[in-house]
Structures are given as C-alpha cells and as structure tokens.
Amino acid sequence: MGGQCSSLSCCRNTSHKTAVLEAPDVDNGESSEITDVPNFREYTLEQLKAATSGFAVEYIVSEHGEKAPNVVYKGKLENQKKIAVKRFTRMAWPDSRQFLEEARSVGQLRSERMANLLGCCCEGDERLLVAEFMPNETLAKHLFHWETQPMKWTMRLRVVLYLAQALEYCTSKGRTLYHDLNAYRVLFDEECNPRLSTFGLMKNSRDGKSYSTNLAFTPPEYLRTGRITPESVIYSFGTLLLDLLSGKHIPPSHALDLIRDRNLQTLTDSCLDGQFSDSDGTELVRLASRCLQYEARERPNTKSLVTALTPLQKETEVLSHVLMGLPHSGSVSPLSPLGEACSRRDLTAMLEILEKLGYKDDEGVTNELSFHMWTDQMQESLNSKKKGDVAFRQKDFREAIECYTQFIDGGMISPTVCARRSLCYLMSDMPKEALDDAIQAQVISPVWHVASYLQSASLGILGMEKESQIALKEGSNLEAKMNGVPRVK
C-alpha cells in the first residue's frame, strides 16, 4: 500500500475478483437483513412533539438548520430510544394516503446498512418520518469538515462498499430509486459504521424534485427528462466515489477531464498520500468513470458495484470506530458525583448535590418578568417557590411538592423547580411522577444533564434498567459537553 496517486493510470476494464469481507454480518460482500429493529408503526403528533421538545430549534440536525426545506430533528421517545424525525414542509404531501403508502413501503426495509425507517405521522397537514438516529454525523462532516483527522483510505473504501450493499439490498426489495444521493445521506451509527439514510427513498411528492444539489452534479438524463432512473442512482454513486477520492465535492465533468488527462495528482486528496497502492487507486478511478458514463445503459448495476469494491477492502478486522479515531459506543465515561449518585439511586446524595447546585442552571430559561408583569399572582408564585426551597432543605418533601406545584401552576418556568420536585417525588416513593417532572425539566432545558440523570434514577426505580442506562449515558455526555470534555458516543 505504498504507492502514491501521481502514478495512477486510467484503465478500461473492471476487475471482478471475489473476496470475503471479514467485517461483522457481511458474507461475500452482501448486506444482511436484520430483525431486531421494531416494526414500522404510526406515531401521534403528540408523541413526536414530546420526543423533540416541541420541535425545538436545539434539536435540529439537518444540514441547513431551520432554513432547510424539510427539517430533521433528533428526538428521544418515552422508552429512551433516540430517533431522527423528518418534518416535511406544510402540504408537501397533500395526499395523506399516498404518503402513508409510500412510508409503509419504505418501512418494510430492514438492513444493517441503513438508518431504518421506524414509522411516520400523518395528522392534519403534518407529514413526518421517524428513523433510527445515527449519532456520529454525516459523511460530509467527516470528509469535508473534519476536525481531528482526515478519513483514512481504508475507511473510505468501507464507506463505499457499505453504501453499495445498501443500494443492492434496496434493489433486491424492489426499491431501485434513491433521490439526491450525496454525502449528507450517508450517516454513521454508534459503532461508526456508515449507513444510508432511508429518507432519500421518499421524495417530496408536490415539487417532484429528486435532486436538490447543484446541477453540475445531476445525472444528464435527469436534466433532459426530469425523471430519475436506477441508472441515475449509479451516477450519483459515482459522484460519491469522487468525493471520497478527492476529499472535495468536485463536479463530475471536471473530474472526468482530469482523469482523461491523467492528471490524477490534482484529483486525489493529498491527505491520502502513501495510504494505497496504484492498482487500488486505479480500480476506484475506473469504477467512478464507469458510474459517470453519459449513456445510462453503460453504467454498472448495484451488484457490480459490490463485486468490484469487495476485493479492495483492507484491515477488515479493524472496527470502524478505530479507523475513524472516535470513541466506541460502549466506552465508559467517568461519572460526576451527581451521575454516580443517580446510578446508585442514592437519593440522599442526590439531594445534597441538587441543594448545592441551587438555581444557577436556570439562567436564560426561566421567566423574565418585566416591571408591568409584577402582579400579585406572580409574587404569590415566587413566594411559593421560596417556601418550597425551605421545605426542600428541611427534607419536608410533601410540603415542598405542594409549594413547587403552586409555583408551576402559576405559569412560572424553572427546570430546577421541576428537578427538585422530581427528587421530592422519588423521596416520596412516587417514581412515575418523578419521571414526568424530569422529562419536563428537559423539555424546558433540552441540554441539561441534571434532567437526564433524574430520568435515569426514576427509570431505574421503575425497573426499566436498560432505559435507565441510556439516560445515564446521555446525562454524562451532556455534562461532558458542558464542561468542554470530548463526549462518549
């Protein structure tokens, strides 16, 4: 693997060598169907609002934030399962029956190479899709905007193979069309394995657009007819091969000119110097050239892509998170005193820590009262909070619950009050009410670690150990992020 890119030559024939990839659940380069993903279901709008804190801006993960035409949010269901929620613009799918039929069809797919579609919501004008949440960003992020290290050649080859396997799986299930395949559609799961977003299997039915990217990257037949074909997907796959080879988003026409002129030094990412052999580089360039053929019928099919990419794989025994230089999802982060107390369900220690924290985490999220808003009712609510704080310190939990309830019922907002009442409920052997308050605290302050820790303690006492551990890790991640420490994925 010592050759550099400057000596690559552009060949004409594609090798069809066979090899067995040693990565988990891969046999002869084919993607396997999985059965441990929940069946597709319909969610209520209220469930998805609760999961995303009312579609809060802080929960947006789509490329262009809230300005994106169809915004994607991260969320967390009641059972602590993380989800991605795609919210289409109003009336993007005017025919609710068509939306449901299409979503149910895509929702039957289950592959380890995809961020599987878990469900949808179709209430009134709302059209939402729910998929598995992938916590480790997009290919675009790791390829074009990397922070610690550029993506290694070995990992780039794994990405294109897994992507080809995902497309081949879809093809085998009769889903041959994928809309606007690009580096933002490739996501990384908890183990840092690449997965294809299922959102791209459904397009916006009203505008009918299959490509939102620059026209320079659009398949030529789509420009002529406005229709997407299975061969159009292969063309887009070719543009992704160029992305991975160059580390940049190069227009296909320019890349093909460089290939024809054998100017591959300019085409290839300088970060890859010395990481691959001339023959491997030539093979990838040849495959990209075939995918980008002007005539659609001259492009390879998905099965040919898998066959060509499988023998190029290297270091198949090395896990993806190691190649990516990212922490493993099972890594254990040292817990803070509060996290440790919540993990042990040590309510006395939790009480001492919450009392010391005071209300400093309420800054910026509590009610800001103007002079004109100081009414007798407001003053009464604030007095109730003060009485609740006194009762909290004196461990009079029934009195504290009553006073904090008066404060909340008065329309006042405070995540700390919700957290304190949550702990009072735990002290009073009322874990369900405690969980509700902890969730409400997170609705008010979505990135507050204390709320996650209290959810963990409540879930544990309710006997939901798996969900408790998920919430505990989430709290640890949020606390580490707040303190500027690299978080555990």
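Positions of Cβ are set from backbone N, Cα and C atoms, glycine also.
These numbers come from a predicted model, not from an experiment.
As given in Swiss-Prot:
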LIPID     G2  N-myristoyl glycine
DOMAIN    58-324  domain 'Protein kinase'
BINDING   H64, G65, E66, K67, A68, P69, N70, V71, V72, K86  ATP binding site
ACT_SITE  D180  active site, proton acceptor
MOD_RES   S212  phosphoserine
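Counting every protein chain shown, the Cβ of the residue listed as 'active site, proton acceptor' has 19 other Cβ atoms within 10 Å.
Non-local contacts of V72 (ATP binding site) by the CB criterion (under 8 A, 6+ apart in sequence, same chain) comprise I60, V61, S62, A84, V85, K86, R87, F199.
Looking just at the domain 'Protein kinase' (58-324), the mean pLDDT is 89.
Note: the CA-CA distance between D180 (active site, proton acceptor) and N70 (ATP binding site) rounds to 14 Å. V72 (ATP binding site) carries a strand DSSP state (E or B).
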